[in-house]
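Below: one structure, written as structure tokens.
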């Protein structure tokens, strides 16, 4: 992403948000901890954050969101004109399938075994099953589903909590980075086809960010000061294949209006420094050595708008705002902006 583009992003970021009323009739979210807003709260899992200091800047306090405030789908929902946050599937009423649900689950991945060492999580396969059950029980019309906005952000854990974690996983010994990315894309293709069969036509597919630049990976796979090139290079292979998959869907699948969101370029720590952030490789909250989540009820940084990362893996609300607006306005999404998907 060029500096010129990010200068535009900075202007958009600081400008007042203008919303012209709800555009899409409903919004459905699938993914992992980047999008989870409470689905893991009652699971037997280490991947849940329904405690302080998470939600430090969120109106309702700790809700299960892996940030100090709003997540990317929260902000995209606001930009799309939704008056209320899309509820987590675990807490939603049946009729809310007409306006949207969030099925995302911290720790989830494309592969079923991903993050199994963390305990229970809702895989992307199960998330789609939950979606099918929800829209079927609520009898949501097919015509309405085709007008809804969909967002899916999955795959990070297949690298963080699988491929680059030697125990209890052996995928790195079995696959080269190219082979592994291809195996994930095969799974992804199947799930996107299933989502399309369930009525989805307007889907924002998020690529992976620069995982090698997260504080967790910088500590475990580098010297703690620079990004892990090995991890980022593996992610780039996956992203290229995912980008191609989205473009292929648009060409071959009837009615598909999928867009690819380039989180890798959009999540460049140097770009965030250029935007005015001051801390890119350190968490805002207190994280114990060898862990990734905030220590409960411990001090956090006062200048949260200057930090890219909230904990050792997840971004601050300020970062989420930049990414959400960049994808919504088409700065890091192609061939459509999410704004186009929401209103067409």
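A Cβ is built for glycine as well, from the same backbone N, Cα and C atoms used for every other residue.
Per Swiss-Prot, the residue annotated N-linked glycosylation site among 50, 303 is 303. In this structure the alpha carbons, written CA, of residue 314 (active site) and residue 33 (active site, nucleophile) are 8 Å apart. Sequence-distant contacts of residue 33 (active site, nucleophile), defined by Cβ-Cβ distance under 8 angstroms and a gap of at least six in the same chain, are 47, 66, 104, 105, 106, 107, 157, 313, 314. The separation of residue 303 (N-linked glycosylation site) from residue 311 (active site), Cα to Cα, is 14 Å.
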